[in-house]
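J.: Before anything else, here's the structure in question.
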Amino acid sequence: MSETPPVVLGGRYEVREVLGRGGMAEVHRALDLRLGRIVAVKMLRADLARDPEFQDRFRREAQSAASLNHPTIVAVYDTGEDVVNGARVPFIVMELVEGATLRDLLASGRRLLPERALEITAGILTALDYSHRHGIVHRDIKPANVMLTPRGDIKVMDFGIARAVAEATSAMTQGSAVVGTAQYLSPEQARGEQVDARTDLYSTGCVLFELLTGRPPFVGESPVSVAYQHARELAPAPSTIDPAISRSVDLVVLKALAKERTDRYQTAAEMRADVERARGGGAVLARPTDGTMATTVLPPVAARTTVQRGVPVERVVERREVPPPPPRRHGGAYLLLALAVLAVVAGGIVLAQRYFVNDKVLVPNVSNMTVQEATARLVAGHLTVNPKTTPRPDAQVPENNVVDTDPKGSVKKGTQVTLIVSSGPDKVKVPSVVTKDYSEAADDLQALGLVPVPTPTDSAEDKGTVLAQDPAPNTPVLPGTTVKVQVASGKVPVPNVVGKARLDAIQTLAASDGHFGYSSRSVAVTDPGQDGVVQSTIPDTSQGTSAPKGSKIILVIGKYTAPPQSSPPASEQPPAGGGDASSQPQPS
């Protein structure tokens, strides 16, 4: 028998053994045939790819996730789709991280010290801080999406993928259904409302609770009952389950698990700072709110034997069903029983409608879209759009793109939605930095997002003093604007004393801004008029030069020396023998 040829996705990724399975995907080890490296390939369910709109959403979200480059985030290398067993299957190519998930760690029954639980949580928050600053909300933080490497490092995975899947199944949230990972579901997700970065912080609080206590903050007989608790009930303090947990840790967890987003930590960085304070045994900034510390002790749950632990819930869709009618009995009893059944059914319907049934429409997330794209998306969602937009400064969203909507969340069909549009980064006023030391001036400018560019300038001011700036103080500019500053170099111009008499040159140097000293040397000159006159200087002041204040300038002074007297020329002597040659007797 010939071996079955391996599946090669996109003509590049040779699929190998299964590494794990979830409710929406299967993860395989794979070989990148082009680069020769081992990667992880997540193959999504074929039914999620039937909708072309979902394919576009999935591609956009995966590309956004691929833009995240951080040590605490599992890198996304590539995305695509291919035919597997006759069906088109979307797939994601990711960094292969050796190690185990937090879900594996918790399922093993190991208990973590509070310090280690806080350290892991700080790693998750570092990843969320980075992704949130890049405009990506995870939406599905849970132990199964957090990897723990053999070195103990944290890596968070599936950024952006949860959003694509959630939107693909958004039709289910319009009826009597709850969609999400029940144990880590935020109240706004349970109510079918729009999510934001604070949603991830609630889920992180759930993960921290479980790392500390060995169980999620809410447990129940069904995912719907757990979702109900997330939406309506206060979380217990972790110390009610493990008394060894400190009050500071309790406060951090309970603030993260606040029902109202405004009561939670507002950023991942803020929560991470408190986590680090609690880890170090210091006081945290979180404070108890009404009722948060007045919780009752929940009955203990058998370690690792609950339905929630045995059957991890990846994506839960559960509907309430009408109980079957009772068996036929005699008239009066049957009537009473039927009325009782109707009452129970009616009560269940009312409860479901109140807490889980959402017969309204959800305002879609149109952030970062153009006004035209956002309008089309909202109209398709049975909403109307206010023709007048509201401007708002935003440094992250490009100018004229949509920042937000008003209202958000669940609304009635036909509700008018106002688009809040980016007017670009908010301008700041240039501070006055003249006379400040450059290091202080640079700090002031950088604190406002401005870029200082120093130019050394000769001046009598102390070295490093800012002499001038451009733009001028109080000029409104965009963050990132360059501010030119002239900074005293510590040198001052040396006056030109070449050609001056020695005493005049010395006085000129001393009276200058540099209060220069001098030393001198002489050089011979042949012109008596140059005697005692500066012939040159070191450094050369005739060409314009600068020097540190108080430094010495070497003056080269002319010294006239009279040339020696030359002897008068000797008179001509007659030749030997006397007389002129012409007077000599001629031979006969």
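Any Cβ shown, glycine's included, is placed from N, Cα and C.
Got these off TrEMBL a minute ago, pasting:
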- Lys42: ATP binding site (BINDING)
- 333-352: transmembrane segment (TRANSMEM)
- 357-423: domain 'PASTA' (DOMAIN)
- 385-410: region 'Disordered' (REGION)
- 424-489: domain 'PASTA' (DOMAIN)
- 490-559: domain 'PASTA' (DOMAIN)
- 527-588: region 'Disordered' (REGION)
- 533-548: compositional bias 'Polar residues' (COMPBIAS)
J.: Please report, as numbers and ranges, the same-chain residues at least 6 past the borders of the region 'Disordered' (385-410) whose CB is under 8 Å from any CB of it.
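T.: Non-local partners: 135, 188, 191-194, 358, 360-363, 366-371, 374-375, 378-379, 416-427, 479.
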J.: Please indicate, using numbers and ranges, the residues of the same chain that are 6 or more beyond the compositional bias 'Polar residues' (533-548) and have a C-beta under 8 Å from a C-beta there.
T.: 458, 489-502, 505, 514, 516, 523, 525, 554-558
J.: Give me the DSSP three-state residue breakdown of the compositional bias 'Polar residues' (533-548), ordered helix, strand, coil.
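T.: Secondary-structure breakdown of the compositional bias 'Polar residues' (533-548): 3 helix, 10 strand, 3 coil.
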J.: So what's the mean pLDDT when you look at the domain 'PASTA' (357-423)?
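T.: Result for the domain 'PASTA' (357-423): average pLDDT 85.
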J.: Could you tell me how many residues in the domain 'PASTA' (490-559) are helical, how many are strand and how many are coil under DSSP?
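T.: DSSP classes over the domain 'PASTA' (490-559) add up to 16 helix, 32 strand, 22 coil.
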J.: So, by DSSP, how many helix, strand and coil residues make up the domain 'PASTA' (424-489)?
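T.: The breakdown for the domain 'PASTA' (424-489) reads 10 helix, 25 strand, 31 coil.
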J.: Does DSSP put Lys42 (ATP binding site) in a helix, in a strand, or in coil?
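T.: SS state of Lys42 (ATP binding site) = strand.
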